[in-house]
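The structure appears below as structure tokens.
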Ligand SMILES: CC(=O)N[C@H]1[C@@H](OP(=O)(O)OP(=O)(O)OC[C@H]2O[C@@H](n3ccc(=O)[nH]c3=O)[C@H](O)[C@@H]2O)O[C@H](CO)[C@@H](O)[C@@H]1O
Ligand SMILES: C=C(OP(=O)(O)O)C(=O)O
């Protein structure tokens with residue numbers, strides 16, 4: 001298994017190109033199941049999750065061509081994906097693929113809408129909580145689906161096709177919104193989704209569906225009104241910038257007291273997180289094609305944070321913010337309200353000398369004068385990158401094990417950071 005070695009203490013200086021968003025690229029790729037025509041997606045990041053979803057879609061009969069150079073056996077390093085689902089050869093998504101990634105479960109709605117049936121394994125993804133799928137299922141039932149769960153599989157049927165319905169989500173769910181939105185685009189008549197997730201990735205998918213011929217009102221709000229079409233067309237769409245990658249690098253720059261331009265990204269995708277970062281003493285300025293983050297030698301101001309659905313502070317940046325707070329000049333409190341088990345980075349940060357106490361959903365972080373490098377273990381995607389930030393701040397060497405978690409969601413992480421002066425390298429297993 002590969003490991004990442006970091007020798008901390010370097011300030012980050014330079015520029016970092018921000019990749020397309022993983023959490024938009026995945027549902028956008030799935031949207032190909034809704035049309036016989038070609039869907040062209042630009043700015044697709046080269047990530048393990050993207051490659052795994054490509055395998056899942058091929059299993060359903062999707063043809064995928066990638067522009068750009070390819071590296072390695074199964075991995076694509078391509079910016080542009082051409083996806084065509086002329087015929088769906090299989091409506092089953094098997095356990096061994098779906099159990100490895102959350103977003104793969106979102107094929108359920110589109111397969112059902114197009115084929116009138118689907119059998120999809122219950123999903124996996126980061127082990128950050130129980131992560132049920134009840135909201136996905138009640139949403140699809142409101143569109144006329146018959147659903148049963150058997151042997152770890154969701155078996156859904158709508159022999160006469162889906163019809164529009166009224167879905168009121170009792171709590172905000174990104175995945176359930178994607179699943180129902182994608183299905184509704186091909187359902188007969190109008191669907192109203194209330195308390196929809198407002199995450200920018202949902203808006204990106206909706207914008208692509210509009211290009212494919214669906215009529216959608218309320219994009220970017222919590223009420224989506226979708227007029228489904230009997231047939232959707234192909235489209236060309238560019239994946240929006242990754243706000244979680246943006247925030248991660250922004251926090252890393254602040255953590256090391258650096259000066260970096262994050263290229264190709266937008267402040268409005270993560271206003272709350274960047275405003276919070278500014279409160280810690282970093283400076284955030286807009287540039288022609290991105291955002292510049294600087295922090296001078298002054299200490300890091302401790303700031304309390306509570307994770308919330310968009311536009312609040314994202315749960316996917318909680319671990320990274322905690323890493324920054326470990327060196328703050330005082331005590332901060334972080335409350336995780338979205339996932340009940342998203343604090344696995346705490347014990348790993350403690351190995352580097354962080355002082356963090358956990359009480360239920362709340363972590364109290366007392367800033368320490370210095371961190372010291374140590375061997376640590378990545379437990380999930382965002383937890384592992386919080387260890388990278390801590391390693392960049394720490395004195396001496398940090399060795400991060402199980403970096404396959406990082407490869408799910410961060411494209412060329414070591415190259416991007418080392419180009420800005422970080423001492424970071426991948427130690428290949430062989
Ligand atoms: C691939 C992807 O885009 N993953 C993101 C997506 O995950 P994901 O779509 O899985 O997250 P959700 O927004 O659905 O989860 C939010 C909360 O709702 C709960 N819930 C969800 C569905 C359901 O049927 N029943 C239920 O109770 C979850 O357990 C959680 O407590 O949004 C999360 C919240 O922003 C992010 O952390 C993940 O990075
Ligand atoms: C939690 C994440 O991914 P997933 O939902 O696939 O587990 C994430 O992207 O931070």
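Using N, Cα and C of the backbone, Cβ positions are placed for all residues, glycine too.
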*asked:* According to TrEMBL, 102, 131, 132, 133, 134, 135, 171, 172, 173, 174, 338 bind UDP-N-acetyl-alpha-D-glucosamine; which one of 150, 304, 316, 355 is annotated to that same site?
replied: 316
_Pairwise C-alpha maximum, in angstrom, for the residues (102, 131, 132, 133, 134, 135, 171, 172, 173, 174, 316, 338) that bind UDP-N-acetyl-alpha-D-glucosamine according to the record_ = 22
*Count, for each of the binding-site residues 134, 316, the other C-beta atoms lying within 10 angstroms of its own C-beta, and report the residue with the smallest count.*
134
_Could you check which of the recorded positions 22, 23, 126 is the closest Cα neighbour of residue 173 (UDP-N-acetyl-alpha-D-glucosamine binding site)?_
23
*C-alpha spacing of residue 23 (phosphoenolpyruvate binding site) relative to residue 102 (UDP-N-acetyl-alpha-D-glucosamine binding site), in angstrom*: 10
_Nearest recorded site to residue 134 (UDP-N-acetyl-alpha-D-glucosamine binding site) by CA-CA distance, among recorded positions 22, 23, 126_ = 126
